[in-house]
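Student: Got a structure for you, questions after.
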Amino acid sequence: MKEFDTIAAVATPVGEGGISIIRISGDKSLDIVSSIFKGKNDRTLDDIKPYSMRYGFIIEKESKEMIDEVLVSYMKGPRSFTAEDTLEINCHGGVIPTKKILKELIKSGARLAEPGEFTKRAFLNGRIDLSQAEAVIDIIRSKTDLSMKSALKQAEGTLSKEINSIRNRMIKIIAHIEATVDYPEDDLEEITGQKIKVDLKEIINKIDNLISASEEGKILREGLNTVIVGKPNVGKSSLLNALINENKAIVTEIPGTTRDVIEEYINIDGIPIKIVDTAGIRETEDVVEKIGVEKSKEKIDEADLVIFMLDLSRKIDEEDIEIMDFIKNKKYIVLLNKLDLNKDLNEENHFIKELDSKYIIKTSVKNNSGLNELKECIKNLFFSGEIKSDELIVTNARHQEALIRSRESCIQAIETLSDEISIDLASIDIRNAWKYLGEITGDTLDENIIDKIFSEFCLGK
């Protein structure tokens with residue numbers, strides 16, 4: 001079977017660096033590496049102890065020429081990440097030696113690993129469950145310390161323990177129902193129905209606790225998609241540069257300088273924010289600028305938050321009003337910029353009165369005035385209070401969806417019991433709820449979906 005092949009892949013980024021690591025896992029991994037390894041004083045790997053390293057050289061089999069100087073580490077299964085015999089070859093960090101060593105491993109009997117196949121083997125061999133496997137990629141992609149800590153908690157199995165606890169309780173309820181149906185002479189159905197409703201309400205409460213922070217968790221995992229919009233030359237690029245502390249965007253007095261979107265991540269108290277600077281939205285005959293304006297509108301549609309910038313030194317016009325109308329159904333913050341010019345927008349203006357004053361901030365991006373207030377406003381809009389790194393937060397949209405479906409099935413079971421329909425029909429809904437939660441840990445998930453999840457991993461992981 002393919003799952004039992006010995007696999008190999010480069011585990012470090014391709015390119016020049018201090019070292020490269022080639023990982024190999026499977027029953028034949030030690031034999032394969034031994035066949036191309038030559039230690040000091042012709043020492044082999046035959047007597048290498050588990051969880052130790054050995055210095056030597058990788059040799060090309062046919063020519064007997066040395067490819068590179070290496071350190072080989074050996075982890076014996078099942079006490080390894082994949083729960084299989086695993087070796088890692090540490091060679092000099094360069095494209096040529098790394099590729100040549102990998103080529104020799106494949107010529108000697110290994111197969112090139114698919115993306116995420118090492119982590120998939122850890123899952124298939126029962127070393128980790130699916131939620132822990134997904135946490136591996138979240139750790140790699142984490143943008144802030146807080147998002148990394150959240151992923152680490154999931155990798156430790158904190159979410160798995162909570163899910164398994166709820167599923168075990170569901171199984172006990174199902175067993176209780178089946179016992180009641182199998183022994184109707186005891187006439188326990190009515191008593192059992194009332195007890196089950198109480199149990200299900202407690203389960204729903206636990207699921208609700210997990211769902212409640214999942215929107216915040218999704219932001220921790222993927223970043224808050226924030227788009228800066230406004231007419232040309234209101235200070236959008238200056239705001240981006242101020243937030244990232246770098247001159248990423250070109251700033252000039254010429255309207256229409258930004259013709260494409262610029263994206264950068266910033267960290268606000270552990271919250272990853274993807275800031276998108278867009279082309280100024282206005283009517284234009286310039287073909288390139290017109291494309292930029294259309295891209296800006298697309299980014300607004302995708303945004304979690306819109307920062308709408310107005311220029312305090314100029315009067316509001318039809319273009320400002322059109323932009324406001326375009327974003328009115330989004331979460332937004334209005335920045336009244338260029339406060340340093342000592343001119344004041346007429347705040348009695350009907351347009352301003354329509355805006356929620358809680359979301360209006362006067363700023364001078366040039367002088368960094370109002371930026372802290374902006375950051376606090378972003379936090380308050382999306383996060384209820386301070387996020388604690390020791391709390392369990394559901395960060396994965398797939399997990400959130402499974403929790404919601406499980407909750408719906410529990411509610412359906414309660415309705416079935418309340419309608420005094422035969423109690424065994426409620427067990428169908430409870431079993432569905434149990435199955436949906438199992439999708440989080442991978443116990444009840446379709447194999448094709450599991451394959452798709454691991455295909456999104458990088459090679460060597």
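Each Cβ is built from the backbone N, Cα and C atoms, and glycine gets one as well.
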Student: So Swiss-Prot lists Glu88, Arg127, Lys461 for (6S)-5-formyl-5,6,7,8-tetrahydrofolate; which of Arg23, Arg221, Arg314 goes with them?
Tutor: Arg23
Student: Sort the binding-site residues Arg23, Glu88, Arg127, Lys461 by C-alpha distance from Lys236 (GTP binding site) and give me just the closest.
Tutor: Lys461
Student: At the level of the C-alpha atoms, what whole-angstrom distance separates Ser237 (Mg(2+) binding site) and Lys461 ((6S)-5-formyl-5,6,7,8-tetrahydrofolate binding site)?
Tutor: 38
Student: Any idea of the Cα spread of the (6S)-5-formyl-5,6,7,8-tetrahydrofolate site, Arg23, Glu88, Arg127, Lys461, as a max distance in Å?
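Tutor: Farthest Cα pair among residues binding (6S)-5-formyl-5,6,7,8-tetrahydrofolate: 19 Å.
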Student: Can you count the other CB atoms that lie within 10 A of the CB of Ser237 (Mg(2+) binding site)?
Tutor: 23
Student: To which of the binding-site residues Asn233, Lys236 does the lowest count of other Cβ atoms within 10 Å belong?
Tutor: Asn233
